[in-house]
């Protein structure tokens, strides 16, 4: 897929004579269109179909989390083991590396960094847009804005929970209970932020002290749950969309590069490897789409887009070659391939580490409540990374 490297002139000529066969390459690429299309469709539709079949059943949430962790490993391995090394090899080819400025600076790493920063910018912009849209929607529905932070009052309510230590008549806890409560709250705040000091399964009971000394008990534990859940769903939808952009971008590069190639020795194993590649990558994207809760039309559109992108890229590459006689081993072709591949790698690394692995392992209530689930999820992450990395032996 990338440059051939610095080989002696005689060896390079012999390899070129044996492997470069335009007619055989065209037949292989034409046959690969259906295989890659089916593999892509199976990979992305399988998690979506299983989600529809098992939604609401016992173990569904944990199963979906494991699929997502496996998917994160696949995407991380795709970016670091497949995309970035190919991009670096293209820019390190003798036809490119002997020219300036390509020999003076590691452009593969630079553009990978640019890709990650661009993904962060898109993430921040989308988050700000969703936040503003949410406030605007609340205003249209006539809902009151969130209350301002409470100020100090001499008779402020004392929030307690049904599981909290019992207050003595004096309003203070015993030293032993106070130390235990302080340690627990401190750990919760350190791990999950200030809002997590009260667990989601607890109902906050706030004794509202009135002017006449009586107490009105108000339960407020369930008020903010719907808004937080809706915000999490919006975030997941945004993650899925940005992730699909990065994967589709990468798939176009793969398809166009393969379509322009006339090297039969490279195309033959590449067809098999790309088929497995699309299955695993599709499972990764499909798991994220399934968790985001899109409508049927949006899910169908995203599945179709992923399925047809690589075959369309192959057709585009074949068309470019036949119309222009474009040489896939020319310096300009290698530079374009290397820069676009590096950019795509940075996007995928950011999405895997920040929007998938970090969210699941450090900000997921279900994950934080079970050490066994953490271990199994980590194993799923490693298996996803390993399954995709093994394919680097052939592609």
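FYI, residue positions are counted from 1 along the chain as it appears here.
Every residue gets a Cβ built from N, Cα and C, even glycine.
Computed from a predicted structure; not experimentally measured.
Summarising the annotation, Swiss-Prot assigns compositional bias 'Basic and acidic residues' to 132-141.
The region 'Disordered' annotation in Swiss-Prot covers 132-163.
Residues or ranges marked as topological domain 'Extracellular' by Swiss-Prot on the basis of sequence analysis: 55-63 (among others).
Swiss-Prot lists 85-104 (among others) with the feature topological domain 'Cytoplasmic'. According to DSSP, the topological domain 'Cytoplasmic' (85-104) comprises 11 helix, 0 strand, 9 coil.
The topological domain 'Extracellular' annotation in Swiss-Prot covers 126-241 (among others) and is backed by sequence analysis. Note on the topological domain 'Extracellular' (126-241): mean pLDDT across this stretch is 50.
According to Swiss-Prot, the feature topological domain 'Cytoplasmic' maps to 263-269 (among others), an assignment based on sequence analysis.
Positions annotated as topological domain 'Extracellular' by Swiss-Prot: 291-300 (among others).
Summarising the annotation, Swiss-Prot assigns topological domain 'Cytoplasmic' to 322-333 (among others).
Note on the topological domain 'Extracellular' (355-374): residues 61-62, 65, 68-69, 71-72, 75-76, 123, 191-192, 200, 239, 242-243, 288, 381 of its chain, located 6 or more positions outside it, place their CB under 8 angstroms from a CB of the stretch. Feature annotation from Swiss-Prot assigns topological domain 'Extracellular' to 355-374 (among others).
The transmembrane segment annotation in Swiss-Prot covers 34-54 (among others). Counting same-chain residues at least six beyond the ends of the transmembrane segment (34-54), those with a Cβ under 8 angstroms from any Cβ of the stretch are 60, 63-64, 67, 71, 271, 274-276, 278-283, 285-287, 289-291, 299, 302-303, 306-311, 314.
Per Swiss-Prot, the feature transmembrane segment maps to 64-84 (among others); the stated evidence is sequence analysis.
Residues or ranges marked as transmembrane segment by Swiss-Prot on the basis of sequence analysis: 105-125 (among others).
The transmembrane segment annotation in Swiss-Prot covers 242-262 (among others).
Within the same chain, residues 1, 28, 31-32, 35-36, 39-48, 50-51, 64, 67-68, 70-72, 74-75, 78, 82, 236, 239-240, 243-244, 247, 251, 254, 258, 299, 302-303, 306-307, 310, 356, 384, 387-388, 391, 394-395 sit at least 6 positions outside the transmembrane segment (270-290) and bring their C-beta atoms closer than 8 Å to a C-beta of that stretch. Marked as transmembrane segment by Swiss-Prot on the basis of sequence analysis: 270-290 (among others).
Residues or ranges marked as transmembrane segment by Swiss-Prot on the basis of sequence analysis: 301-321 (among others).
Swiss-Prot lists 334-354 (among others) with the feature transmembrane segment. Within the same chain, residues 1-3, 72, 75-76, 78-80, 83-84, 86-91, 93, 95-96, 102, 107-120, 123, 239, 242-243, 245-247, 249-250, 253, 257 sit at least 6 positions outside the transmembrane segment (334-354) and bring their C-beta atoms closer than 8 Å to a C-beta of that stretch.
Of the ranges 64-84, 105-125, 301-321, 375-395, the one with the most Cβ pairs under 8 Å to the transmembrane segment (242-262) is 301-321. Applying DSSP to the topological domain 'Extracellular' (291-300) sorts its residues as follows: 7 helix, 0 strand, 3 coil. For the topological domain 'Extracellular' (355-374), the DSSP counts in helix, strand and coil order read 16 helix, 0 strand, 4 coil. Packing against the topological domain 'Extracellular' (291-300) from elsewhere in the chain are residues 48, 51, 64, 68, 233, 236-237, 239-240: each is 6 or more residues past its ends and has a CB under 8 Å from a CB in it.
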